[in-house]
Amino acid sequence: MKNILRLTLNGRAREDLVPDNMLLLDYLRETVGLTGTKQGCDGGECGACTVLVDDRPRLACSTLAHQVAGKKVETVESLATQGTLSKLQAAFHEKLGTQCGFCTPGMIMASEALLRKNPSPSRDEIKAALAGNLCRCTGYVRSSKSVETAAAARLCEEGAR
């Protein structure tokens, strides 16, 4: 059975006819065409599919699309503006926190959720925020440094205002 799904996706209101059993991951990738959210384990284990739902990290591979009805959903595509990387994305690039890139969107979205909640996280808080995201390439040191760099850049920007 299909029903209408209404949500705000990356700042825009959407309304789509979606099967009741469709996963949020499939909705984003197949229906909407947003492929930044990666399909990794399909079991809620790797974090590659992390998106933000009302500013909180959520695994799109284990969330039905209809569970986000009426909510604000953000994917990694929402972070760059007019082709310019966000401070967080730029920090991941600068600090080589991307390597193969497969886990990067999920890492970035988990980090974005952390920085929105806590603009100046400790290393332990960063480690805890990234704990649900598996990375076989970087060993997490570069990812953690990326988050620290982005946090400092954001705080510096806020102080300049």
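Placed from the backbone N, Cα and C atoms, the Cβ positions cover glycine too.
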Swiss-Prot [2Fe-2S] cluster 1 site partner of CYS41, CYS46, CYS49, selected from CYS61, CYS100:
CYS61
For CYS137 ([2Fe-2S] cluster 2 binding site), which of the binding-site residues CYS41, CYS46, CYS49, CYS61 has the nearest Cα in space?
CYS46
Integer Å distance between the CA atoms belonging to CYS100 ([2Fe-2S] cluster 2 binding site) and CYS46 ([2Fe-2S] cluster 1 binding site):
15
Cβ within 8 Å of the [2Fe-2S] cluster 2 site's Cβ centroid: which residues qualify beyond CYS100, CYS103, CYS135, CYS137?
THR98, GLN99, GLY101, PHE102, THR104, ARG136, THR138
Looking at Cβ-Cβ distances, which residues of the chain lie under 8 angstroms from CYS103 ([2Fe-2S] cluster 2 binding site) while being 6 or more apart from it?
LYS38, GLY40, CYS46, GLY47, ALA48, ASN133, LEU134, CYS135, ARG136, CYS137
